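For reference, the structure discussed in these notes is given below.
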Amino acid sequence: MELLNNRYELRKILGEGGMGRVYFATDTHSKKNVAIKECQVSTRRDIKRIEREFSFLHKINSVNVVRGLEYFSIEGRYFIVMQYIQGITLDKLIEKKPSHIGLDEQLNIITEICKAVTVLHEYGIVHRDIKPENIMLVGNEYRPVLLDLGIAKMVNKELTAITQTNEVIGTAGYISPEQINGRVAANSDVFSLGVMFYQFLNWETQSPFCGSRIINTLMNIHRKKLPLISETISSDKDYLHKLAKIIDLSLEKDSVIRTSSVAVMLDQLKNINKKRFVASGKFWKQLNKAKWYILCGLIIVSILLYIRKSSLDEQKAVDYASRISQLYGLQAYTKALEVCNKVIAEGLDDDDLYFRRGSIYLELKEYQKSIVDFKKAVELGFKESSAYNNMGFSYYKLQQYEEAIKYLNRAVKITPSAHAYNTLGNCYFILNKYDLALEKFKQALKIKPIAYAYENVGNVYQVQKKYLPAIANFSKAIELKPYSSTAFNNRGLVYFELKEFEKALKDLKKARSLNPLVPEPYISLARYHYYFRHFNRVIELYTRAIELEPRIDFYSSRGLVYFQQKKYQKALADFSHVITMDTSFVDAYLKRATIYYILRKFDDALLDIKKIKELQPNFADAYLLEGNVLHALGRLDECIQKWKKSMELNPSYTTGLEERIKNVKAQMKKNK
């Protein structure tokens, strides 16, 4: 049997799908059975998703959530080790429909499932992928255990696998309307639970919204109103009508009207047998909100119908809006953009439509176009802070930092958000305004203690050479996100500055193991080994970084190491490659000219020096090297002129060059 990570003995495959494979294994250290999930990885984003999944699984300590035990990678394969849970999944229980489970037992099971999801919410986690397959029922009491945190779901892969109806529609059948629109509300899980409970109480083998195709399923979620369970099932239980109200309120399409949280839903279920039962502590308030939102909706529809510039009929507009939402939710941004453009071309002039198209351009990294649309949305009356926030972020990506700051400040005045303050901090950091950057990062942390904001605070302290507070903040980031490659990398670099080499090497290696598909950990390790003059190891690390991302600075740095090793041909190749990437890179021309000089290829050296002087006419080093080449060619008068020019441009060269000029003049006199 295969021994994984020198510890886990793989015994059999438990399951397999688009996301990867799950093994049944034995931990040879503890002698306990475990489940090992091998996660399919194709992008850096996938790695971050896996890190996030393990982070959640590891930090939640509850009998209702499967525990994450270890995370590791081996040669580009990524694994999460979890508790092995024995039981029956809810979908299998529904298929079996055991006769001993009546409505009382069903009520107890759904109440316990609500308890399990409430545990997640107490940790600030929205599941996003609640469905019967993700609920394991353990023991005779059917204790629920959540097997997956939803974050492992790859929507892009679902889109490319539309024909796999069992997997894709099965998942799509439980998502909330706002998730289809690309958003997640705090009570999105309430809707998913409502769908699952409706299915369970009716003993249906699939979601009540399930259609023949994924588009039909998503349309049903947006539009279909399910009958009350009191109308679909027979029971003499007094609480049936109360239970029907609870489920019905959880299935509200509008997240504002829907039951506000799983905790509230749990409270409703616990109190269902009380004589004076209210469907929700906020029921009447929510009902009033419902009336208000319906009224607003009617007004908005009326206005849109009034202001449209063409004969675009109402049903067509609704179909377009629904189609855009579906495609955006599935991250099919190019197709969503096509629909947006078509609607706008047909005359519908609406702030939300321009905001949505701006959001699509943002996802497609067409930042200039996104800015135009966000400005148009604001002009048409879009008042949410997200328009200004997105404009600020777009300007940030375009490296127009002052404009970014202007719009981000508008965003936080409307609605202070950790993300906006963090981006503001990044702008000030890039502009070398470190005190302002620190202030903004700390404001982000006041709103929400997020790992990347702690990392950014650490970055500021690192630049300011305040190494101890830098370490403290990187450590806090690691505590919140134990598998953050950048936090380990940056903390390792600080330890390196403090000459705590053992700690530095440990952190830098950890950073590389966590994210071997990005170049930064390799560059940091190269810096470490360069300090100890391990030049061959440095070359290996730069080569790997170049394979991942062929950047100019990586080629240039590797060329310098080859130069120090006197491997001139390899150094020459690297600097030549740099020049092909950037024909104005002065330092690369200088290094290449120096190598030509060493190799006595004087004509080539002079050509590169000529190019340097065109790019940077007053560069002292170019005249110094030109003097050296002319000296080697025996053109001594010209040589002296170039050295004198070099001294004029950089007086620090005077001491050394005056002696050389004196010697050359003596040689010229002797030759005469």
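Including glycine, each Cβ sits where the backbone N, Cα and C put it.
All TrEMBL annotations are machine predictions without curation.
These features come from TrEMBL:
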type: BINDING; residues: K37; note: ATP binding site
type: DOMAIN; residues: 8-278; note: domain 'Protein kinase'
type: REPEAT; residues: 351-384; note: repeat 'TPR'
type: REPEAT; residues: 385-418; note: repeat 'TPR'
type: REPEAT; residues: 451-484; note: repeat 'TPR'
type: REPEAT; residues: 485-518; note: repeat 'TPR'
type: REPEAT; residues: 552-585; note: repeat 'TPR'
type: REPEAT; residues: 586-619; note: repeat 'TPR'
type: REPEAT; residues: 620-653; note: repeat 'TPR'
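Same-chain residues lying 6+ beyond the ends of the repeat 'TPR' (620-653) with a Cβ under 8 Å from its Cβ atoms: 590, 593-594, 597, 600, 602, 605-606, 609, 612-613, 660-661, 664-665, 667-668. Note on the repeat 'TPR' (385-418): residues 355, 358-359, 362, 365, 367-368, 370-371, 374-375, 377-378, 424, 426-428, 430-431, 443-445, 447-448, 450, 453 of its chain, located 6 or more positions outside it, place their CB under 8 angstroms from a CB of the stretch. Counting same-chain residues at least six beyond the ends of the repeat 'TPR' (485-518), those with a Cβ under 8 angstroms from any Cβ of the stretch are 44, 47, 51, 72-73, 76, 451, 454-455, 458-459, 462, 465, 467, 470-471, 474-475, 477-478, 524-525, 527-528, 531, 548-549. Here the repeat 'TPR' (451-484) has, by DSSP, the following mix of helix, strand and coil residues: 27 helix, 0 strand, 7 coil. As a summary of secondary structure, the repeat 'TPR' (385-418) carries 28 helix, 0 strand, 6 coil according to DSSP.
In this model, the repeat 'TPR' (586-619) carries an average pLDDT of 97. Look at the repeat 'TPR' (485-518): DSSP puts its residues at 27 helix, 0 strand, 7 coil.
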